[in-house]
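Over in TrEMBL, the protein carries these features:
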{"type": "DOMAIN", "residues": "21-66", "note": "domain 'DUF6533'"}
{"type": "TRANSMEM", "residues": "54-77", "note": "transmembrane segment"}
{"type": "TRANSMEM", "residues": "89-109", "note": "transmembrane segment"}
{"type": "TRANSMEM", "residues": "121-143", "note": "transmembrane segment"}
{"type": "TRANSMEM", "residues": "163-191", "note": "transmembrane segment"}
{"type": "TRANSMEM", "residues": "212-232", "note": "transmembrane segment"}
{"type": "TRANSMEM", "residues": "238-258", "note": "transmembrane segment"}
């Protein structure tokens with residue numbers, strides 16, 4: 001890491017303030033989301049027999065808060081040295097990627113279940129995820145070149161253009177995977193609607209919400225907005241929406257899990273595999 005310290009004009013001051021709030025807002029959003037869904041969590045998770053998925057839900061929900069809360073604080077509080085600041089930023093990136101990986105596991109399992117536990121779908125998704133993970137690790141490893149800024153309190157770096165492009169690869173991989181999951185989920189909703197028939201009261205939007213397509217679309221959009229920051233002019237904004245993308249992904253996937261728990265303990269809309277079993281329709285999910 002370079003010990004280079006840069007002074008900036010008014011534009012850099014404004015950008016740093018913008019970056020600070022880009023880090024703070026997602027943390028506040030995550031806390032707010034947890035507060036408004038706490039009642040559901042208590043009723044559907046804490047008061048029920050806890051399956052393995054419940055522990056995964058709790059680890060995601062509260063692990064993401066503990067991971068992202070420090071970055072909201074460090075945006076306004078200076079650390080002892082630039083080296084400590086840089087190391088904390090690297091650790092935060094690693095934990096964010098681990099969080100996104102945990103979210104991807106939930107997405108894979110959800111699509112696997114939607115397609116009647118198709119081994120072909122499962123191994124296809126695992127292969128894609130492994131390939132994209134390799135690209136992500138490479139992009140993050142090559143892109144760790146930042147210079148500390150000391151013009152304001154807080155932990156801030158500016159990233160050279162070449163490093164910015166490499167870091168963008170990691171988020172592009174996440175966006176590609178989110179898009180694949182979204183496409184498969186929408187296609188499954190279409191197959192389910194066709195298998196049930198037009199006479200059944202099963203609106204396509206209800207299927208998409210139940211299957212998670214709406215949530216996956218929101219996650220993909222959040223990743224896309226963060227990707228855009230790596231290609232705009234300015235040395236301070238690249239990756240400034242990474243915390244937003246991570247918090248949005250965690251919020252959406254925990255909402256999906258809560259919806260699934262609610263279906264488990266209440267009225268459930270049938271999925272494609274159940275429809276095939278009941279109607280004995282030879283629908284090929286892939």
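Here the Cβ of each residue, glycine as well, is placed from N, Cα and C on the backbone.
Two recorded stretches are said to be in contact when at least 3 C-beta pairs lie under 8 angstroms, sequence spacing 6 or more; the transmembrane segment (238-258) and the transmembrane segment (121-143) fall short of this definition. Across the candidate stretches 89-109, 163-191, 212-232, the maximum count of CB pairs under 8 A to the transmembrane segment (121-143) is reached by 163-191. For the domain 'DUF6533' (21-66), the DSSP counts in helix, strand and coil order read 40 helix, 0 strand, 6 coil.
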